[in-house]
Each structure stands twice: as structure tokens, then as C-alpha cells.
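Now, the feature entries from Swiss-Prot:
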{"type": "BINDING", "residues": "Lys77, Lys81, Arg150", "note": "L-ascorbate binding site"}
{"type": "COMPBIAS", "residues": "235-253", "note": "compositional bias 'Polar residues'"}
{"type": "REGION", "residues": "234-262", "note": "region 'Disordered'"}
{"type": "TOPO_DOM", "residues": "31-45", "note": "topological domain 'Extracellular'"}
{"type": "TOPO_DOM", "residues": "104-116", "note": "topological domain 'Extracellular'"}
{"type": "TOPO_DOM", "residues": "178-195", "note": "topological domain 'Extracellular'"}
{"type": "TRANSMEM", "residues": "6-30", "note": "transmembrane segment"}
{"type": "TRANSMEM", "residues": "46-67", "note": "transmembrane segment"}
{"type": "TRANSMEM", "residues": "77-103", "note": "transmembrane segment"}
{"type": "TRANSMEM", "residues": "117-142", "note": "transmembrane segment"}
{"type": "TRANSMEM", "residues": "150-177", "note": "transmembrane segment"}
{"type": "TRANSMEM", "residues": "196-220", "note": "transmembrane segment"}
Amino acid sequence: MEGYKSFLAFLVSSLLLGFLGVIFTLVWVLHWREGLGWDGGAAEFNWHPVLVTSGFIFIQGIAIIVYRLPWTWKCSKLLMKFIHAGLHLTALIFTIVALVAVFDFHNAKNIPNMYSLHSWIGLTVVILYALQLVLGVSIYLLPFASNTLRAALMPVHVYSGLFIFGTVIATALMGITEKLIFSLKEPPYSKLPPEAIFVNTFGLLILVFGGLVVWMVTTPAWKRPREQGMEILSPTVSSPDETEEGSTITDCSNTEKSDVELNSEAARKRILKLDEAGQRSTM
């Protein structure tokens, strides 16, 4: 892999930022909000940001970059497809529970559903994500689609996945801003109390996390090799000079082998000529 150290830096940074985003969400709802529960109250609503951040953002981000991990390139493509689909399915389950939590809370408090832009885009992107998962499994995991169809739809599959991922992060940023505006009264959000600063920082974390994931998955040099027998490059890969040297040694060995074969053939012909001459002299 070209730029292995750069890839490793991006990977570690993205995982750290994503994990910090999950921690920030938990600290937010446990310290400044009402905690977590499942009673139709505010504590049930708090599952919504926690599950969206951990599942729809963090786990989905891992699912997107899992093919780019060079340590998995020796694994079979089928196994990686199962891992890729399994992570996406886990993210979808987290998201569905998050939707149930927010609808339960709204219904228990007689709060209208689906009136804000956040809710419109949020539900739309969940539906698109579910369709993406179903179509991805049907075309790329199950053995029904032809290779031609798979190759033709791959650019659409990749683009729609990145579009959904980016839309999820944008919708999450809208949601946390909306929550702060509704919840912070004394002092208001405009006064930037500690909770506002903390949650704004959380928003920056998931935004940068998304940017790093998109960068890793769109860098051609970090793409998983296509051929089964392709050499897997790692930090300990031989340098081009070493590869050239190995090629030279192989060529030299082949040359020596050819010389030996030629000498053996010449000796055999000389022996045959001597035998023929001996037979003539005897006659």
C-alpha cells in the first residue's frame, strides 16, 4: 500500500474521533440531560442521540472503511462482504431503536411528529439506508446477480453509500442544534453555556470523523487489490530495489540453468558421434 503511514494516521485519528463522539454523547445525556431510560420521558428520548452517534455514524463509518484495512486483504472477499453487511445491519438496528425512542417520547408528551426539516431528512435517509442495505445484499452478497451487473452498479453503490453517510452527519448536526435551542433556556443557547460549548465540540468531532472516513475511502492508493494473487503490501514490504534484485537473481538462475542444459545436450551429441564412429571402425 502506498502511503501506509498516512493511511494508519488517518485510520487511528478517525477511530479516536468517532469513539470520542460516542463518549461525548453519553456524557451529554448523563451529565446535562436526564440520563437514559425507557419510560416515555426525556430519558427515553436521550437514546436517540446516543444510538444515532454510535450506530448510524460510528459503526457505519467503520463499515465503509473495512475494505480499506490492509490486514483484511488476505481474507476472502466473501468474508469481507459478510462483515461489511453485518456492520451496516447493526447500524440500521441501532437507528431503528433510536427512531422508536423519539416517536415514543413525542407521543407520550403529545409533541407533533415529522414537522421539522431534521425529521424529514432523518426519516428519508433511514429509508434510503435500508434500501441500500437490501439492494447491496441482493446484488453483491447473494449469488444471483451477474458480474456485469455488479460491475455496472458498483459506482452507484459507492456514491449512494457516501451520500447517505454524509447526509446522516448533516442531519445529526441539525438535530443537536435543534435540541440545544429547545432545551437551553436559562441561560439560552446564544449565551454559550458550558453545555452548548460541549455539544458544539461534539458536533465538530463527528464532522471531522466523517471527513476522514470519506478521504480514506476515496483515496485510490488505499483501495483493496482486485486480483486474488496480488501481493499484499504492508509496512514491511520489500522496496523496489529489493524486488528488482530478486528479479535479477531469478533471471541469473534461469540463465545458468539454460547453460547447463545446453552443455548436457552437446555432450550427448558427442557421445552419439563417438559410438557411430566406433561401430564403423568395427565393421
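Every residue gets a Cβ built from N, Cα and C, even glycine.
Long-range Cβ neighbours of Lys81 (L-ascorbate binding site) (same chain, at least 6 residues apart, Cβ-Cβ under 8 Å): Tyr140, Leu141.
Sequence-distant contacts of the transmembrane segment (117-142), counting only residues of its own chain at least 6 positions beyond either end whose CB sits under 8 Å from a CB of the stretch, comprise 56, 81-82, 85, 88-89, 91-92, 95-96, 99, 149-150, 153, 157, 160-161, 164, 167-168, 170-171, 174-175, 178. Those residues of the chain, other than Lys77, Lys81, Arg150, with a C-beta within 8 angstroms of the mean position of the L-ascorbate site C-beta atoms are Leu78, Met80, Tyr140, Leu141. Secondary structure by DSSP for the topological domain 'Extracellular' (104-116): 5 helix, 0 strand, 8 coil. Counting only same-chain residues 6+ beyond the ends of the topological domain 'Extracellular' (31-45), those with a CB under 8 A from a CB of the stretch are 101-102, 104-105, 107-109, 183, 195, 198.
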